[in-house]
């Protein structure tokens with residue numbers, strides 16, 4: 001049995017039945033007794049909890065807007081990012097073939113395991129407990145959620161930002177493809193020449209990889225623009241030195257200071 005104590009500490013919940021957690025980490029390639037039923041349950045729980053949290057937080061948004069916000073939070077990429085923070089790949093049980101194919105870092109497998117984890121927490125406790133676990137893990141994403149851009153994907157946001165600052169559009173290149181044909185992972189590089197920014201994103205499709213790379217690039221280029229403005233402001237202040245005007249009497253205070 002794998003050591004799941006660290007994982008329980010990271011999610012902030014200790015299982016009364018550790019076998020449930022181990023089942024949540026078991027991929028179908030490892031055993032006939034796997035996590036897909038828990039994944040089904042966890043998917044429903046995640047959608048429900050996210051809907052409740054959004055309903056309570058954004059009291060002025062209509063049904064369509066709330067649905068789009070929820071979609072941005074429960075998508076595979078969001079689950080994959082949380083799985084990475086938890087280092088969930090350390091705890092996965094995969095078959096030999098899937099392990100050799102790099103399944104332990106495949107976004108789809110990690111996202112499914114996250115949903116199975118939520119299902120396991122619910123069966124081991126109750127709805128309020130799994131709501132707390134999900135809310136805690138998604139707290140950072142909820143805080144960064146911007147209703148103004150919820151309808152725009154990362155590539156669109158990046159393109160609009162660059163166009164607004166009169167910069168060339170980004171370039172995307174597939175740098176690696178991993179896994180079997182039916183379950184591939186794409187690594188895509190996003191390049192912004194203006195600031196020599198090169199970042200990579202991964203996804204279960206080329207488009208998903210591009211979206212992840214664009215999200216990272218948007219953070220990088222935004223920071224670069226802030227740093228440029230700060231540096232420009234500092235240079236301007238250095239140039240602005242006090243000037244003494246001819247014919248204007250110098251005060252006693254200025255004379256004594258000299």
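Using the three backbone atoms N, Cα and C, a Cβ is placed for every residue, glycine included.
No curator has checked TrEMBL annotations; they are predicted automatically.
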Listed co-binder of Mg(2+) (same site as 112, 115, source TrEMBL) among 36, 39, 189: 39
Number of helical, extended and coil residues in the domain 'DRBM' (153-223), per DSSP: 32 helix, 23 strand, 16 coil
Residues flanking the Mg(2+) site, with Cβ no more than 8 Å from the Cβ centroid of 39, 112, 115 and excluding those residues themselves: 35, 36, 38, 40, 42, 43, 111, 113, 114, 116, 119
Per-region confidence, the domain 'RNase III' (4-126) (mean pLDDT, whole number): 94
